[in-house]
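What Swiss-Prot says about this protein:
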- 186-260: domain 'Toprim' (DOMAIN)
- Glu192, Asp234: Mg(2+) 1 binding site (BINDING)
- Asp234, Asp236: Mg(2+) 2 binding site (BINDING)
Amino acid sequence: MVMLISLSLKKVIWMNVDPNLTKYMIKAKIYTDGVVEKPDVVGAIFGQTEGLLGDDLDLRDLQKSGKIGRIEVEIDSKKGRTEGYALIPSGLDQVETAILAAALETIDRIGPCKAKVEIANVEDVRVQKRQKIIERAKKIYQDMNSKGDDLSESLVKSVREEVEKSEIISYGEEKLPAGPAINDSDSIIVVEGRNDVLNLLKYGIKNTIAVQGTNIPETVKKLSKERTVTVFLDGDRGGDLILKEMLQVAEVDFVARAPPGTEVEELTYKQIVKALRYKTPIDQYLSMHGMNDELKEYSQRNNLVFTNHNSEQKKEVLEEPEAEKNEVLEQGEVTQQVSVPKEGYLDLLNPHDVSRRIEALSQLKTTEIYDSNGQRIASFPVAEAVDRIIQDPQGNTIVTGGIISQRLIDVAYNAGIKNIYGLKLGHITKKPVDINVIAWDRST
C-alpha cells in the first residue's frame, strides 16, 4: 500500500513542481494512531513548525515567496490507523533544506491523533534533471552523428564515383572499358565487365581491361601475346566460361577468382588484394581444378606454335658443339682444338648461354635443376616444379621456361636454392635477400 501511495504521489508532485524554483524534494513518512485527512496533515506541518525556525524559515512566508512549493499529501487509513507520505518541494539551499526537513520530524500530533514523522529522503531534483539532460544529449548527438556520417559518406562516394568515371578509358577498336595504366603496364588484369574495372579503380588498380562477355575481343587477344596476363573473374559459372574462351583464343599466365558466388564488382579492398596475391599460374590452376582437357588442349596449342622454331633451336644446340670441335681454315688446317661440353652442362656464368637455355625450356615447358658446377641434376615439367622441389630439395640453381612465381621462390628458398632464372617474373610480394632471381624478359 505504502509503495502504491509513494508512486502515485510522486507522479502528482512532479506534475506540480516548478522546475525553475525546486532544488530538493523532501519526502516525509507519516504515521498516526487514528484516522486523519489530508488537510489535517498540511495543517500540522504549518502549525507545529510555526515560530520554530525563526522568521527566515517560516513555512508560510517561504511558500509566499516561492522558496517552498505546494505541499502534496497522499495517505490511506486502515483499521483505525493512517499512513502515507508528504512531499515538500524546496528551493532553499542544502543547509536550509536540511534544517526544514529536521523540523518536520518534531511533529507529534496530526489532528486529534498522535503522530510520528520520519524523513525518508531528501532528493536532489537537479540530479534527475542532469540525468535526463545526459540521456537526451546522447540521443541528439547520435542523431547528429548519424546524419553527419551519412552526408560525409554520400559526399565521398559521389566524388569517388566521379573520379573513377573520369579515369576509366575506352581502349582499342572495340572501345573496351579499361584503366588508365593499360597502355604502360607490363602486366594486365582481364576482367569481365565495366563495373569490375570501376571497382578495381576504386582501390587504385589501374591496369585492367574488360572483355565485355564471353566473345573475347581482338584487342585482348593481341595484348595477351605482349603482356603478362592475369584473368580476374567472378566466382560463378560465367567466370568459368570466360576462362575457357580465353584459353582457346588468347594467352593466359595467371588466374585469380572472386570467392564462390561473388562477383569482382562487389569485392572489398581486402578481398581483391587477397585474390590477386594468391593468383595461380594457369597450368597449376587447370591441373588443380581437374580441367585436364583444357590443360591438354592449351598445352598442345602452344606447343604447335613453337614446333618449327623448337626444331631449329634443337638443331642449333646440337650442331653448335660439333662446329666447336675443330675450327678449320679453307685449306683444311686445324687451328684450334675445343673441348666438347658434357651432356647436361650449362655455363651458369654465361648470360648468353643461360638465356638460350631459358628460351629452349620455354618451348618445352620444362624446368631444370643444376648443381653449383652447372651440371643438370633434374628435369621436369613446369607444372610439377613446386611439388618436385618440395619432394626432393637439391641443387644450386633453377632454370625454368615458365614464370617465376612467389610460390616457386618460397619453395626454392626452403630447399636451399641460390639462383632462379626464368622467362617471366610473376607477382612477387617478397624476396629473400640471399636468393638471386632473374627474369630474362626484364633483364635483357
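Yeah, the Cβs are placed from backbone N, Cα and C, and that goes for glycine too.
Quick caveat, the model's predicted, so the values are computed rather than measured.
Sequence features, as recorded in Swiss-Prot, placed on the structure.
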{"residue": "Glu192", "record": "Mg(2+) 1 binding site", "Cβ within 10 Å": "23"}
{"residue": "Asp234", "record": "Mg(2+) 1 binding site", "Cβ within 10 Å": "24"}
{"residue": "Asp236", "record": "Mg(2+) 2 binding site", "Cβ within 10 Å": "14"}
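In the three-state DSSP scheme, Glu192 (Mg(2+) 1 binding site) falls into the coil class.
Geometry remark: Glu192 (Mg(2+) 1 binding site) versus Asp236 (Mg(2+) 2 binding site), CA distance 12 Å. Per DSSP, the secondary structure of the domain 'Toprim' (186-260) breaks down as 31 helix, 18 strand, 26 coil.
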